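Feature list (source: Swiss-Prot):
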BINDING   Leu121, Gly125, His126, Leu127, Ser355, Pro356, Phe357  (6S)-5,6,7,8-tetrahydrofolate binding site
MOD_RES   Lys229  N6-(pyridoxal phosphate)lysine
SITE      His228  site 'Plays an important role in substrate specificity'
Amino acid sequence: MFSRDVRLETYDPELAKAIAAEAGRQEDHVELIASENYCSPLVMEAQGSQLTNKYAEGYPGKRYYGGCEFVDIAEQLAIDRIKQVFGADYANVQPHSGSQANQAVYLALLQPGDTILGMSLAHGGHLTHGAKVNVSGKLFYAVQYGVNEQGLIDYDEVQRLATEHKPKMVVAGFSAYSQKIDWARFRAIADSVGAYLFVDMAHIAGLVAAGVYPSPMEHAHVVTSTTHKTLRGPRGGIIVAKGASEELQKKLQSIVFPGIQGGPLMHVIAAKAVAFKEALEPAFKTYQQQVVKNAQAMANTLIARGYKIVSGGTENHLMLVDMIGRDVSGKDAEAALGKAHITVNKNSVPNDPRSPFVTSGLRLGTPAITTRGYQEQDSIDLANWIADVLDAPTDEAVLAKVRDAVTAQCKRYPVYG
């Protein structure tokens, strides 16, 4: 049915009700999933535009369809802006996701069966860094490094594994690691065995853009990221590089299209362009600085309440709460906090005795609450409420008290109003 007059709530009330309920949940629940954020109304306006109708296989100026003169402008804006954000001289903004951006890098630079060296999912890495259940661990021989007893990346172990296995690619980046990474050390390790250094900065891209976390651009052969998370754009992916050879750039271009994707999502690329412009604003740096301040305030409060944070604290936007030895599991903690309107995700911790479906950890992140306007004291209050729930996860009176406090806090900091 095509109509300019009928509204969604009239035509499809079931779907409209679900969308409205989710909008309400985002307003009255506090979002602490480290990979989630709230994109701006401007980003959503671009993503909901007529550009969703346009097919545009190819790249700006080299399309396989007519009528691309305006979407070419949108994509070129996104390319130029993300280059400026990260100081890159190559950028591809077409990947539909971070996982597809990673897949593109692997397929552009490796052959099936080649060895890759990446961070273990169980120690804070990502599925796409060589996990056996992921295509990256099926197409390639994946060797995994981890963290030491202090919860820090063991660079000596990474070097030892690289020397032993001679990977074609070293993968650096994470989904649950709260300290800074020594990109120069990783590059030295990769160079010592003649490997590519590939950095997945999906979680920290916004922090890198604002200069509050070390940039991998001077060290990596190629870098990928999502465009949501700390970058606060639409869901999608990018590939960027600095100093990449013309041959490497051609490989990356051709593997994204026509290698693994067909038509790009032009409405999403337009939304990316808006987000990249926002990332160039002075306010974006202030925001990212506050993200880290809020994370550190939360981590310090949880430590003071007797909870262990993997690596002893955080230097970015996230922290991993280690509950090994406690009666409450990550799964149960996630459910209890959800009842109190605090949204988190269970997460495995290093040497976790529980299964990945249960876990002994929680991953917490501050990008979304900082977008709402939370400051350090708000984060301290929130961390204390989290500890209250974790101390008594089955006490309905505690859950109700925390839920009321969280609801009141959320009302002080509306997302979209």
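Glycine is treated like the rest: Cβ placed from N, Cα and C.
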Tertiary neighbours of Ser355 ((6S)-5,6,7,8-tetrahydrofolate binding site) (same chain, Cβ under 8 Å, six or more apart): none
Length of the line joining the Cα atoms of Phe357 ((6S)-5,6,7,8-tetrahydrofolate binding site) and the residue listed as 'N6-(pyridoxal phosphate)lysine', in Å: 23
Position of peak Cβ density within 10 Å, selected from the binding-site residues Leu121, Leu127: Leu121
In the chain carrying His126 ((6S)-5,6,7,8-tetrahydrofolate binding site), residues 6 or more apart in sequence that have Cβ under 8 angstroms from it: Met119, Gly173, Phe174, Ser175, Asp200, Ala202
Distant-in-sequence Cβ neighbours of Pro356 ((6S)-5,6,7,8-tetrahydrofolate binding site), under 8 Å, six or more positions away: Ser348
His228 (site 'Plays an important role in substrate specificity'): tally of other CB atoms within 10 A of its CB: 26
Residues satisfying Cβ distance under 8 Å from Gly125 ((6S)-5,6,7,8-tetrahydrofolate binding site), sequence separation of at least 6: Gly118, Met119, Ala131, Gln144, Val171, Gly173, Phe174, Ser175
Cα separation, His228 (site 'Plays an important role in substrate specificity') to Leu127 ((6S)-5,6,7,8-tetrahydrofolate binding site) (Å, whole number): 18
Nonlocal residues around Lys229 (N6-(pyridoxal phosphate)lysine), in sequence order (Cβ under 8 Å, 6 or more apart): Ala34, Ser35, Glu36, Asn37, Ala202, His203, Ala205, Gly206, Pro367
